[in-house]
Amino acid sequence: MYPVGVWQQSLCRLLLCLLCSWGMGSPPLSTDPEKRDGSQGLRFRLAGFPRKPYEGRVEIQRAGEWGTICDDDFTLQAAHVLCRELGFTEATGWTHSAKYGPGTGRIWLDNINCRGTEQSVTECASRGWGNSDCTHDEDAGVICKDQRLPGFSDSNVIEARVRLKGGAHPGEGRVEVLKTGTWGTVCDRKWDLHAASVVCRELGFGSAREALSGARMGQGMGAIHLSEVRCSGQEPSLWKCPHKNITAEDCSHNQDAAVRCNLPYTGVEAKIRLSGGRSRYEGRVEVQIGAPGSLHWGLICGDDWGTLEAMVACRQLGLGYANHGLQETWYWDSGNTTEVVMSGVRCTGTELSLDQCAHHGTHIACKRPGTRFTAGVICSETASDLLLHSALVQETAYIEDRPLHMLYCAAEENCLARSARSANWPYGHRRLLRFSSQIHNLGRADFRPKAGRHSWVWHECHGHYHSMDIFTHYDILTPNGTKVAEGHKASFCLEDTECQEDVSKRYECANFGEQGITVGCWDLYRHDIDCQWIDITDVKPGNYILQVVINPNFEVAESDFTNNAMKCNCKYDGHRIWVHNCHIGDAFSEEANRRFERYPGQTNNQII
C-alpha cells in the first residue's frame, strides 16, 4: 500500500494531464511502458549467446510474432531508446553482424534512425514495419547499463525461457528453462533432435548435433518444468512446442534432457597448445601471438594462475574442464619455447579463450621469471558439481545461546566473531545461528580435496584432519550487500554421508581414510556440530540475507561455479530469527533475484 500523500500527488498529476488535454485538444501522455501509444502491443526481449542479462540481440514481438532489427544505420541513439524499452536507464554500446547469433522470423525494422530522446522505438524513422533487405546475419544487439528504470513494469519484457548447464564444451549442456522467474529442467521423455535443435537455435547456435537423455550432462536440482516436448524443429522457442506440464510423479532428475549443438568454427583452439605432458590432456600452456607472417609461440607467467584461468584454457583447447591450474611446470619439458609472452591473466571462468581474460598488455611482469614458473593445466572431460540443499537450511535454522566454557575448541579454530577474543572467558555466552548443510555432488566426477593426504593438517582439539583451508563461507549480509557477520568451515570430514539408491559410498574420514564426495552422494554437516554456525552476538535486529558459499576460493574444479552460492531472507528481532525463501544463487531469473534483495527494511535495516 502507498502512503496517502503519494495517492494525492498521483491524483493531482492525473487531473493536470486531463485539464491540459482538454485545453490543448490532445490526449494525455502516459509514462507506463504498457500504456504508451508507441509501444502498445509490442514486447521486447534480449536473446542470443554468450551474453549477460543486460545485453543481447534485440527482439521485438509484434502481432504475436517475434522478430529482429537490422544493423543498417543503427546507432547508439537507437540503442538508448531500445534499452529504455527493455527497462534499463540507457545504453553503453551496441553490436552489429549478429554478434549474439542470428535470430529467426521477421526482421521488423531496418534503417532505423533515432535521436535518442524518443519514448518509443515507434517514434524513430525507419523503412517501416517488416520492410527490410537484410538477412539475420545483420541482426543488431545492444549493451545496456545494468541499472533499471524506477517503477518499470517487468511485464513488458519477455524473458528468453532457456540455458545450458553442466556441459564440458560450448554449445552443450543440460537444458534448463525459465518459468515464473524460476529455472528448471526438462524431462527426457520423447526428447529428440527436433526439440534439441529448437533449443540450439534459441541460444544462437546452429542445429543440434545430439539430443541426450538420462541426465548425461549431470542432474539438475529443483523444479522440472516440461515433459513430453514435441517440436517440429521450426519453432522459435521451446515453449512454443506442444508439451506436458510436469507433476512430481512424472519424472525425476535422472531423466534430465541435454543437447550438443553444432557450432561455427572460430579458430580459437588453433591459438593455444600444451607441451610436455604425459597425455594430450595436460602440459605447459603455450599461446600464439604476433601478426600474420610473424606468428610465434610463447609461455604464460604462472603468477596468480588458478582454477578459473585453467578452466578457460581447457575450454579453448576443446579438452573440457580443468582438474588443476599449475603455477610451476619445471617438470614438463617446454622444448624450444622459452619466451614468456603473457602475464597477469585473470579470468572469470566463462570466457571462450584466454584472449578474452584480463591480462597485462605488451609489458610482461612476472614476480618469478623463468620457464620454471609458467602456467600449466591438467584437463578432464568430466568434473564435479556441488550444490547445497537449500530447503534443509531453512528447515533447520535456529538460535542457540552457547556458554563460553563450551566454546574453547571453536575459538581455537577461529569459528567465532572477533569480539569473542575480548569476552570474559569462561563466563557469558555467544549467540549462534545454527543450521544443517547437506552438500550434494550432482556432477560427473567425484569431488576430491585439492591437497593430498600427506599435507592434511591434524587438529588435536576436535580430533580430525583438515583437507582444505576453507571449504564453505557462511555470511550474514544486509540487503544491500554489507557483511555484518561471518563464519567459515574447513572440510574437516569430507565424506559420503548418504547416497542415492544405486550409488555406493566411497569416502569415509575415519581412521585417516580418503576424503571426498562421490557422484550421486552428499555430505551432511548437522546443525549440532562445532563451527556449523554463524556467531551473531554482535548483530543488531533487522532484515538480512543469509548466504552460504561452497568451495569459495575455487580450490577444486567444478563444472559450474554459478550454483555454489545459496541465499535466504533472514529476519531477526533480537530474540528469534526467521529464515525463509532459501534458494541456490542461480535458481531465479535476474529480475527475481533483484526483487529478492529488495524486501522491506533494506533502507534502515530495522524490522518493519
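A Cβ is built for glycine as well, from the same backbone N, Cα and C atoms used for every other residue.
Looking up C187 in TrEMBL gives a disulphide bond to a cysteine among C124, C134, C241, C251, identified as C251. TrEMBL lists a disulfide bond between C200 and one candidate from C124, C134, C261; that candidate is C261. The disulfide bond recorded by TrEMBL for C347 joins it to C357 [selected from C357, C366]. Using a 10 angstroms CA-CA radius around C124 (disulfide bond), none of the disulfide-bonded residues in C70, C134, C144, C187, C200, C347 qualify. Straight-line distance linking the Cα atoms of C144 (disulfide bond) and C70 (disulfide bond), rounded to a whole number, equals 18 Å. In sequence order, E309, V312, V345, R346, C347, T348, E351 make up the list of same-chain residues 6 or more apart from C357 (disulfide bond) whose Cβ falls under 8 Å from its Cβ. The Cβ of C231 has fewer other Cβ atoms within 10 Å than any other of the disulfide-bonded residues C144, C231.
Distance between Cα atoms for C261 (disulfide bond) and C231 (disulfide bond): 16 Å, as a whole number.
Annotated pair C83 (disulfide bond) and C187 (disulfide bond), C-alpha to C-alpha distance, rounded: 35 Å.
Across the structure, C200 (disulfide bond) and C70 (disulfide bond) place their CA atoms 22 angstrom apart. A simple Cβ count within 10 Å picks out one of the disulfide-bonded residues C114, C187, C200, C241, C347 as the most packed, and that one is C200.
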